[in-house]
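What TrEMBL says about this protein:
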type	residues	note
DOMAIN	39-283	domain 'G-protein coupled receptors family 1 profile'
TRANSMEM	23-49	transmembrane segment
TRANSMEM	56-76	transmembrane segment
TRANSMEM	96-118	transmembrane segment
TRANSMEM	139-162	transmembrane segment
TRANSMEM	191-212	transmembrane segment
TRANSMEM	233-253	transmembrane segment
TRANSMEM	265-285	transmembrane segment
Amino acid sequence: MDDTSNVTYLTLDGFVELHKYRYLYFMIMFVMYILIISCNSTIICLIWIHKTLHEPMYIFIAALLLNSVLYSTNIYPKLLADFLSEKQILTYPLCLFQAFIYYSLATSEFLLLTAMSYDRYVSICKPLQYPAIMRKTTVILLLVLAWLVPLCELTVSVVLYANLKICSFTLKGIFCNNSIYSIQCVRSVTLAIYGVFMLLNMVLFPLLFILFTYTRILIISYRIRRKAAQTCLPHLLVLINLSCFVTYDVFIVRLEADIPRIAHLIISIQMISYHPLFNPIIYGLKMKEISKHLKKLLAQVKSH
């Protein structure tokens, strides 16, 4: 606590032997950040440039990849600065803001995957009605809701957190996430109940809807159009990856699982590196149209 300015500072205590490996950490994470920005931005630009990719499915993919860029930009600049700093600190309001953006983007990814599953369901199960259902206005509405709903719901959560008194000024992590729940003087029942509500509303219910739609798609596809089911595979892989990410955040961070500090650091770094890089690789390799345009781009780069 800074008494002179009445600003609360938190210490990020999730780093391991930072004094010995700070430059190694910095170089590895800097390269990862550049890769994440480059890979995601390349596919976003391909979808933007090529009119053949101006379809709902590819627009949702572009939104998902944009999410990954924003998600990484919320974490990496501060993380890179911390690697080179003597003290790994930030103000409590800034910590709340980072957690707010972090969870807004993470939950919006679930809602984007829900929109994508609905798009695939209509395309494969109701192909004649697809143009009428998945109009431009429908796509825009689904995109707005995917980003707006998490922002609104998490704003309430941040307000609740901001009004709580904190007794610990050390976070067991390398960035702000659910670990801020552990620094409260008294655990808020209201906050706990609201957290469960958000988990159900923005994670579990969308997950159940996605599983339902893909089950219906697989049943119909294997009866009639087997090739159509292949377009769902990348979405399912991304869903599995995202589910692992949420499971870690809820059961390891929120429930304060007693795991070694080095293991906690490795898992945290894997999640912020692997997850945003996984999406463009999967969509770049598994989506035929994107892969085709990506190969053309690489061929042009090589020829120059």
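From the backbone N, Cα and C atoms, a Cβ is placed for every residue, glycine too.
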- Contact count check, CB pairs under 8 angstroms to the transmembrane segment (96-118), set 56-76, 139-162, 265-285; argmax is 139-162
- Remote residues contacting the transmembrane segment (139-162) - C-beta distance under 8 A, at least 6 residues beyond either end: 56, 59-60, 63, 93, 96-97, 99-100, 103-105, 107-108, 111-112, 114-115, 118, 180, 188, 190-191, 194-195, 198, 201-202
- Task: Please give the sequence-distant neighbours of the transmembrane segment (23-49): residues at least 6 beyond its ends with Cβ less than 8 Å from one of its Cβ atoms.
- Result: 15, 58-59, 61-62, 65-66, 68-69, 72-73, 76, 79-80, 83-84, 269, 273, 276-277, 279-281, 283-284, 290, 293-294, 297
- Determine the mean pLDDT over the domain 'G-protein coupled receptors family 1 profile' (39-283), rounding to the nearest whole number. 87
- Item | Tertiary contacts of the transmembrane segment (191-212), as residues 6+ beyond its ends and Cβ separation under 8 Å | 107, 110-111, 113-114, 117-118, 149-150, 153-154, 156-157, 160-161, 164, 181, 239, 243, 246, 250, 254
- Item | Distant-in-sequence neighbours of the transmembrane segment (265-285), which means Cβ under 8 A and at least six residues beyond its ends | 14-16, 29, 32, 35-36, 39-40, 42-43, 61, 64-65, 68-69, 71-72, 75-76, 79, 173-175, 234, 237-238, 241-242, 245, 248, 252, 259, 291, 294
